[in-house]
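Here's the structure, in structure tokens; my notes come after.
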Amino acid sequence: MSTATTPAPAPPAVATAPARRGPRLLRWWPAAVLLLLAVAPYSALPLPGLLDGPVGSPGSLQLLATCLLFGALATGYDLLLGRTGLLSFGHALYFAAGSYATNMFLLEAGLPFAVAAVLGLCSGALLALVLGSVSLRVSGIGFSMVTLAFAQAGSILVSRNPGGLTGGEEGRAAPAELLPSWLVGIDHTANLYWIALAYLVLTLAVVHRAVRSPTGRVWEGIKENERRVEVLGLKPYGFKLTAFVLAGALAAVGGLVHLLLTGGSTPQTTTSDFTLSLLVMVVLGGSGTRWGPMVGGILYTWADHRLGDLAGSGAVADLPAVLRVPLSQPLFLLGVLFVAVVHLLPGGLARLPSRLRRTREEHR
């Protein structure tokens, strides 16, 4: 007599298919967003309140390109702040170096744009290597103060206009005749927009690859407990310098893109206030997250431009003085936005989806 039993039928797989399909679809959202951004110059869609004209108009593309630029710049800066735990106040120097060095190679040496751009980027990376090797000899607040001192020295040097190289407080315009024709003029704003988009994609890819590498895991360990990394037999200095130079090189690329977008080099990009703006962008979006710094940079830059229009609008002018005076200051509005996000969303905007999911699960 056989004792074999018939196995119970397996549960149907249909019920789990939607649950699996959802996460798979969510993985493709970055590609979908990238596609939408890539075709934006061909769009005539108006976005009242967000943009002054259709998405594909030169003015709107200029603003969008600037937002993408600073989204990428904030992502690169988070390589120091959010990934390695280094609070640097001198990040603006490497951004400015990419812009000023490229411009000087064009104006003073008359080099072709491609050669000047490569030399400008190398100058920014070399400056990060030199200053980083000095700054990282100390840690904590000492490191931050040393980078702040370098930032102040660089800002003063640029404003003094040594040898007429920097243009002083007025900056220097890029020579249009030495730039590629497809990057000059309002008719080619779309090309500049695509360059800014390419810079954002490059920065996201480099940072993501670096963070997931063995070196990136050491950065995480340094951020959590540097002494423990030393006990394991590793030397944090070299790893921190690698992060510093990589972030500086990415910032130098951003300086080059900024030179093309604005048509010149400006001393405002050398100040520590510029780096403080990057710090606000990173904290606003979410330090140490994959997408947070980018979101914070884009939102902050857009708000900085649009709130200026709001502050000068008739709606604000008609308000009582007690409201009109603060609301007419764009920096006040940005400050209120920043405080609200930090207070209501600890961890930045990047934490919002997880908090919403947690809240929804708690109310089930």
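Placed from the backbone N, Cα and C atoms, the Cβ positions cover glycine too.
Caution: TrEMBL annotation is automatic and unverified by curators.
Some features that TrEMBL has for this protein:
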TRANSMEM  28-47  transmembrane segment
TRANSMEM  59-79  transmembrane segment
TRANSMEM  86-107  transmembrane segment
TRANSMEM  113-131  transmembrane segment
TRANSMEM  192-211  transmembrane segment
TRANSMEM  237-261  transmembrane segment
TRANSMEM  331-350  transmembrane segment
Open item on the list: Quick test of the contact rule: Cβ under 8 Å, at least six residues beyond the ends. What residues does that give for the transmembrane segment (331-350)?
Closed with: 280, 283-287, 289-292, 295-296, 299-300, 303-304, 307, 310-311
TODO: Go through the chain and flag residues at least 6 beyond the ends of the transmembrane segment (28-47) whose CB is under 8 A from any CB in it; none is fine as an answer.
DONE: 53-56, 60-61, 64, 68, 189-190, 193-194, 197, 201
- [ ] Take a look at 59-79, 86-107, 113-131 and tell me which one has the most Cβ pairs under 8 Å to the transmembrane segment (237-261).
- [x] 86-107
Task: For the transmembrane segment (192-211), sequence-distant contacts whose Cβ falls under 8 Å of one of its Cβ atoms, 6 or more beyond its ends - done: 34, 37-38, 40-41, 61-62, 64-66, 68-69, 71-73, 75-76, 78-79, 83, 183, 219, 243, 246, 250, 253-254, 257, 260-261, 290, 294
